[in-house]
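First the structure, in the form of structure tokens, and then the observations on it.
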Amino acid sequence: MDHDTVRDVDPAVADALEGEVDRQRESLQMIASENHVSEAVIDAQGSALTNKYAEGYPGERYYGGCEFADEVEQLAIDRATELFGAEHVNVQPHSGTQANQAVYFAMLEPGDKILSLDLNHGGHLSHGHPANFTGQLYEVEQYEVDPETGYIDYDDLAEHAAAFDPDIIVSGYSAYPREIEWERIQDAADDVDALHLADIAHITGLVAAGVHPSPVGIADFVTGSTHKTIRSGRGGIVMCDEEYADDIDAAVFPGGQGGPLMHNVAGKAVGFKEALEPAFEDYAEQTVANAKALGESLSENGLSLVSDGTDNHLVLVDLRDSHPDTTGGDAEEALEDAGIVLNGNTVPGETRSPFNPSGIRAGTPALTTRGFDEDDCRTVGDLIARVVDAPEDEAVIEEVREEVATLCDENPLYE
Ligand SMILES: *Cc1c(COP(=O)(O)O)cnc(C)c1O
């Protein structure tokens, strides 16, 4: 077989791939769910394991030739077990959404009841949104954050639970900047005999590093994404006690998936090994310190933060107080022109629409990976505020773009 590169075979795709690496190098990736994995994780994901069918689990596959697939998957499982302390781990879900799907499929019947956080308040599509299968197969009711404080309203959650009598309560969020009090949600679930799924997709890395309290050992099920703060191969993970292990494994495969993406499982194994190094704890701590610095800088520049700050890797800005005529979409677009990539996001009490929401969400996981410290993040906060103050001013955008270029040069990526 020839060793043809993508460039040899397909220049159009090669150009786009190079363009993407340059884009990541030359702009600030502040989408809170994104990160930059190591070149070791990229190598693993780009390996020949992509060819291998390994339906089943280590030691009990439906196909031959699985000895290396077994080794890799077992390493991923062992490392995840060490990182999170769960009794049982399944590393095969193709995504965080499919990890959640496995829990629902294992434990619920169609028509059963899910209680979850409203998407506008920071929830996720896979927690019961009408456009997602969860919203169509199950009966869904939603709790909210306290409109005054921006914190989860745990009393409201418990009242909803008492009135709705859900089969499962879902916690863990996509746009929530504060520490989650897992026990309080577990208490609400216990009071109504509901299961509790804690979806740590965003904060998987913070939990692994001990920088955010862990729901493992509290919630019945813990799901996560493996490519966000934890910076490993792309996909999902499910964790549970031994009593649910067989049901969860069967719900992942054959319940919801065919063959595992073994190259991604290899990327998970490598990323989990990296996350077990002491340096990963420093990384997670720095990510949170950077988000705090970013939030302080944005506040000092007159922007309102939902909950007035952050305990984790992201901040959520509500533009309505400071910039009533600028939507999150306007801000997102102007910032992207300036080299700062983040997303417009709904905010609690949203008065616009998900397509043109009233806030922006910004995270520090990717910036921290490339070496940004608190001072850099304070500078980034100033730059964001300058653009949001003048989203149509080409001169401002040009100035900011130059400052972004300097920050990128000082913190190189994929050299
Ligand atoms: C990102 C996310 C997921 C999973 O996302 P995938 O894109 O399917 O991997 C699940 N739950 C929450 C809360 C998330 O933020």
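Using N, Cα and C of the backbone, Cβ positions are placed for all residues, glycine too.
Unlike curated records, TrEMBL annotations are generated automatically.
Noted in TrEMBL for the protein shown:
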type	residues	note
BINDING	LEU119, GLY123, HIS124, LEU125, GLU242, SER353, PRO354, PHE355	(6S)-5,6,7,8-tetrahydrofolate binding site
DOMAIN	7-384	domain 'Serine hydroxymethyltransferase-like'
MOD_RES	LYS228	N6-(pyridoxal phosphate)lysine
SITE	HIS227	site 'Plays an important role in substrate specificity'
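Features per TrEMBL, on structure.
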residue: LEU119; record: (6S)-5,6,7,8-tetrahydrofolate binding site; Cβ contacts under 8 Å, 6 or more apart: LEU125, HIS127, HIS129, GLN142, THR346, PRO354
residue: GLY123; record: (6S)-5,6,7,8-tetrahydrofolate binding site; Cβ contacts under 8 Å, 6 or more apart: SER116, LEU117, HIS129, GLN142, VAL170, TYR173, SER174
residue: HIS124; record: (6S)-5,6,7,8-tetrahydrofolate binding site; Cβ contacts under 8 Å, 6 or more apart: ASN100, GLY172, TYR173, SER174, ASP199, ALA201
residue: HIS227; record: site 'Plays an important role in substrate specificity'; Cβ contacts under 8 Å, 6 or more apart: ASN35, VAL37, GLY233, ARG234, GLY235
residue: LYS228; record: N6-(pyridoxal phosphate)lysine; Cβ contacts under 8 Å, 6 or more apart: SER33, GLU34, ASN35, ALA201, HIS202, ILE203, THR204, GLY205, PRO365
residue: GLU242; record: (6S)-5,6,7,8-tetrahydrofolate binding site; Cβ contacts under 8 Å, 6 or more apart: GLU87, HIS88
residue: SER353; record: (6S)-5,6,7,8-tetrahydrofolate binding site; Cβ contacts under 8 Å, 6 or more apart: none
residue: PHE355; record: (6S)-5,6,7,8-tetrahydrofolate binding site; Cβ contacts under 8 Å, 6 or more apart: GLY329
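Proximity to ligand 1 (Cβ under 6 Å from any of its atoms) holds for these recorded positions out of HIS124, LEU125, HIS227, PHE355: HIS124. Here the domain 'Serine hydroxymethyltransferase-like' (7-384) returns a mean pLDDT of 97 for the predicted model. Within 10 Å of the C-beta of LEU125 ((6S)-5,6,7,8-tetrahydrofolate binding site) we count 16 further C-beta atoms, all protein chains included.
LYS228 (N6-(pyridoxal phosphate)lysine) carries neither a helix nor a strand DSSP state and counts as coil. A 10 Å cutoff on Cβ-Cβ distances gives PRO354 ((6S)-5,6,7,8-tetrahydrofolate binding site) a total of 14 other Cβ atoms nearby, all chains included.
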